[in-house]
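Take a look at the structure below.
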Amino acid sequence: MSAVAGTHAQDHHHGPARGISRWLLTTNHKDIGSMYLIFSFTMFLLGGTMAMVIRAELFQPGLQIVQPEFFNQMTTMHGLIMVFGAVMPAFVGLANWMIPLMIGAPDMALPRMNNWSFWLLPCAFLILVSTLFMEGGAPNFGWTFYAPLSTTYGPPSTTFFIFAIHIMGVSSIMGAINVIATVLNMRAPGMTLMKMPMFVWTWLITAFLLIAVMPVLAGVVTMMLMDINFGTSFFNAAGGGDPVLFQHVFWFFGHPEVYIMILPAFGAISQIIPAFSRKRLFGYASMVYATGAIALLSFLVWAHHMFTVGVPLAGQLFFMYATLLIAVPTGVKVFNWVATMFRGSLTFEAPMLFAIAFVILFSIGGFSGLMLAIAPADFQYHDTYFVVAHFHYVLVPGAIFGIFASAYFWLPKWTGYMYDETLAKTHFWLSFVGMNLAFFPMHFLGLAGMPRRIPDYALQFADFNMVSSIGAFMFGATQLLFLLIVVKCARGGVKAPAKPWEGAEGLEWTVPSPAPYHTFTTPPDVK
Amino acid sequence: MRVHAQRVGALSGGLLFPALSMADWTVNMTPGVTGTSNDIFDLHMTIFWICVAIGAVVFGIMFWSIFAHRKSQGAKPANFHENTMVEVLWTLIPLVILVIMAIPATATLIDMYDTTESDIDIKVTGYQWKWQYEYINEDFGYFSNLTTPSDQIRNRQTKGENYLLEVDNPMVIPVGKKVRFLLTANDVIHSWWVPDFGVKKDAIPGFINEAWTRVDKPGTYRGQCTELCGKDHGFMPVVVKAVPEEEYNTWVADQKAAAEKERELTQKDWTMDELMERGEKAYATACAACHQVNGNGVPPAFPALRGSAIATGDIAAHIDVVVNGVSGTAMQAFGGQLNEADLAAIITYERNAWGNKMGDMVTPKEIFDYKNQQ
């Protein structure tokens, strides 16, 4: 997977257009990747601000800062923005930047659609965020928007929310088609599927998941739209409809969705750990198969989100067994990462720190997931803070730390400069401590009986909530440091060589840093 | 083991945050007071220790690598990157562990689903934002509302011991009897949870879910609604009193007598002042959560009643809205929830409070006739 010739032959190509039209009209995968990443970080800060409002209200028992109506809008918008605005676009951004570079392609297969799929996103989120200023407020029914709370009882802005979801879905599907078309058609000669970097593999599988489930999400919000505006009763029991149908359809989308948010991170971590262990990834083939197995199983477990809705016993057992089964391929991945580190030659730059934290903390999220899979026990855990702790452990040190690790790993390639390692390590440690302080006590709160999505709580939950809020403030404030590090790195510093990491492998390190505007116009030869 | 774990948690909590250590640092699930809750607790602890054991091995190897295989210590990378034997082993071993874990989980689940041969059936209906308990074999039922004063919630008063976990009318069940719950909802989805019983089940409009419990220890057990159900989701607690059977029987007799007395209220002749007085109280429990005590509502979801077209308009239309609700909105049909006396009192109150000076009144008898006409 090495050896390329003559990247300087590409220098004579024209550079980017000038001014705003460069960004509006660009079809360049690097520009679009950067826009995705910047958009994602903006949304991360916005969704994070909402999390700060939530944690501020929960700092003490009683209602201090916001009213319950607004609190519910904050939890809903925080979830929607983080899932659809921060995590998913960040991975699409990474895919745009890195997949062509990793497989030796000159660009994405469908560059104009690429532009379109990006620019839909700001439109969608403008609509979504504008609901905050509408009469009756923003969506207030949780990011899972269960009917009939979101239909018959939803605020007037729900229709705008549905429209925003539709646009996001279109954007995601186009992004996914682009990834599949690129990976299947544009690999450099000699790069067989089983020679592809893990990041490309996990994204290929993610893209299939996206194409499979985003239409399901579109379907469920369309049914809502009909119920709200055109007098149907899909989810209205009074009209012969079925509120539980909503949950089945939603979670048929929702469960693969959580893997959509984590598989690309698995891929990135599988690039980073070998690089800083100076040792090849252990069990490459089993990593590929495990990813595929996780993706397939993700279609068979949706009702584990619904253990308390009254699923019949046989269904309950099936979904419990299928869910437990997911632990097996997930375990294989973790064991492979540890085996990669074992007897390597380790150094601990920021990407590696985030990657190690990813493995440990994601595993903790996986363990609580295993506990939640035990259906009888889930009757106690369900809809408590234990669940909040669980999915924040898989999403924050999982997806988000995976994104940070990737960002630090490839920043030198993107900007041509090394980032400030001391600041980056500070960012890591503050994030690590803040994140654990914020989310670990939530396990205790949930086990002690605190339901999720409440603006006020009984007195026995007061202390851990205060600890959790302090941790959350710490984590939130720390992210401004990341902004500083990236801006600083983009503006200059120590020049980065083509391959700044001693143990890194792959085609992306064969082009200069920063990567020229056009790369691999002649395909490299992969041995 | 459980007490031990709690102590360790409390101790480390106390060391880290001495100023706060007077408080409750519960870190684990309650074993509860029923067979089911104890089974769940055992499953919970088993899977927890399995996770701890796996974590100790995996993270142990990882930390060993971090410690011993550092480049700064002169570690040279090994060359291995594949081993089918190892891959097969670490696929099969977890699989075996999961099968072992699934066996007791299946047994507990089958037991939890066995709702047959109950001694008492109670229908639990979720409303925004209160619970209704109907003892369907005894022909009476009532609503259970939060009693924590608004002043405590808004920090104008010291919070009480059972802050947010106290209600006017708790559910009462006898100890030692199998109680079956039939759960449904009137508006949106709610979820009825008592951690000490290990019972949590969603209350869904159009569905009747079943759950059961058998409590052996008398006491008061508290829980909360656990499915987001709108604005006051955090303010609809569940309180269940388990009492000895004799006490339960006396209570049932009292409830039946009280229900009979309520029915008599309909026939009584009411004065305006009596209706206004009763109306103010009934309004506070049934209406104020949405329309607010001052009648200003929270528009647009919950319109104001002060000076509203309905409260100051035709009385028949007003009765219709309150009794039958407004479909497609959050306005519930209160005809089935409240007795005639309360309905009449509330409508009269709404027409004459907060400057709505209509001067007219409606009597319980009129409401009774109105309902029968439909």
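Placed from the backbone N, Cα and C atoms, the Cβ positions cover glycine too.
Predicted automatically and left uncurated, TrEMBL annotations should be read as such.
Features reported for this protein in TrEMBL:
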DOMAIN    B:22-116  domain 'Cytochrome oxidase subunit II transmembrane region profile'
DOMAIN    B:117-254  domain 'Cytochrome oxidase subunit II copper A binding'
DOMAIN    B:274-354  domain 'Cytochrome c'
TRANSMEM  B:47-67  transmembrane segment
TRANSMEM  B:88-110  transmembrane segment
Next item on the list: Take the transmembrane segment (B:47-67) and find every residue of the same chain, 6 or more past its ends, with a Cβ under 8 Å from one of its Cβ atoms.
Entry: 94, 97, 101
Next item on the list: Looking only at the domain 'Cytochrome oxidase subunit II copper A binding' (B:117-254), report the model's average pLDDT.
Entry: 95
Next item on the list: Please work out the helix, strand and coil residue numbers for the domain 'Cytochrome oxidase subunit II transmembrane region profile' (B:22-116) from the DSSP assignment.
Entry: 66 helix, 1 strand, 28 coil
Notebook entry, point to check: What is the number of residues in the domain 'Cytochrome oxidase subunit II copper A binding' (B:117-254) that are helix, strand and coil, as DSSP sees it?
Noted result: 20 helix, 63 strand, 55 coil
Check: Could you give the number of helix, strand and coil residues in the domain 'Cytochrome c' (B:274-354) as assigned by DSSP?
Finding: 40 helix, 2 strand, 39 coil
